[in-house]
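Chemist: Here it is: the structure, laid out below.
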Ligand SMILES: Nc1nc(=O)c2c([nH]1)NC[C@@H]1CN(c3ccc(C(=O)N[C@@H](CCC(=O)O)C(=O)O)cc3)CN21
Ligand SMILES: CC(C)C(=O)C(=O)O
Ligand SMILES: [Mg+2]
């Protein structure tokens, strides 16, 4: 969907237009300025400061422990680095479920303190009034249904959602999200025929995270996609690079060069150029 000049910002209406035009939307997570800048320069449509930062950046087993303040700090660093892409911040577990008012208050914090362009939260029917409260205040909301990692203890693991009878519930959730005014919805780990059905029925774009090729766009956790993560890669991830391997090899070379004396050279050091030409350490 990059038919606009380089530094024209992506807005929510671009996503709606992309769906109408059949242009696929691309997204990646980002947690810091350095990676976000690279994705933006490459032309990504949106970056998500995912609460997957809990796993990827902070080393937790689940997304549940990450705090609002932690994600706001990351979100702010991404916003500073990005010139063109649309920036969406995840609302962490516990920061929006209590009430529509809590959801709005947390969303306002993200918009004010990190200057993200939109927020994302998990759930369909159960958070319909939360989504409505946020969008009515002028903050764009992206929803997230299917496998919702913040309820993984309830769902019983990383389990595909929307199979069999689950398909009707998923459609109900998707309809509630559209009704409530969300501009986009993430479908995570949903069978591709069910995701196709949701995509067809909704007027807002659907973004696949392991929901097959028939959605309006794709999103992955960047460290999975570029081989910079630890642990198992989900089946829906295609690995486009081995950044951990590149970094490991370069680190070994660096250590070798330090040990052999090859690094640093004189050219990588400073001469003493005192005006009287004399060194304090001798003639
Ligand atoms: N690094 C990372 N990548 C993700 O995609 C991701 C996170 N973290 N954290 C939050 C959630 C959790 N997600 C996950 C995590 C694991 C699987 C996984 O291992 N899936 C297996 C099958 C399920 C299983 O047996 O556990 C697969 O092969 O797809 C899938 C999605 C998606 N999100
Ligand atoms: C995987 C995406 C959808 C996400 O919610 C995250 O990265 O936290
Ligand atoms: Mg998330």
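Note: Cβ is positioned from N, Cα and C throughout, glycine not excepted.
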Chemist: According to TrEMBL, 51, 90 bind Mg(2+); which of 113, 115, 122 is also listed for that site?
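Modeler: TrEMBL names 122 for this Mg(2+) site.
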Chemist: So which range, 238-260, 261-283, gets flagged region 'Disordered' in TrEMBL?
Modeler: 261-283
Chemist: When you measure from each Cβ to the nearest atom of ligand 1, which of the binding-site residues 51, 52, 120, 122 fall under 6 angstroms?
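Modeler: List returned for ligand 1: 52.
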Chemist: When you measure from each Cβ to the nearest atom of ligand 3, which of the recorded positions 51, 120, 122, 188 fall under 6 angstroms?
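Modeler: What lies within reach of ligand 3, judged by Cβ under 6 Å, is 51.
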Chemist: If the 3-methyl-2-oxobutanoate site is taken as the center of the Cβ atoms of 51, 52, 90, 120, which further residues of that chain fall within 8 Å of it by their Cβ?
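Modeler: Residues close to the 3-methyl-2-oxobutanoate site, other than 51, 52, 90, 120: 29, 48, 49, 50, 53, 63, 71, 89, 91, 92, 144.
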Chemist: Whole-number Å only: compute the distance from the Cα of residue 51 (Mg(2+) binding site) to the Cα of residue 120 (3-methyl-2-oxobutanoate binding site).
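Modeler: Roughly 10 Å, rounded to the nearest whole number.
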Chemist: Using Cα coordinates, what distance in whole Å links residue 120 (3-methyl-2-oxobutanoate binding site) and residue 90 (Mg(2+) binding site)?
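Modeler: Each residue's Cα considered, residue 120 (3-methyl-2-oxobutanoate binding site) and residue 90 (Mg(2+) binding site) end up 5 Å apart.
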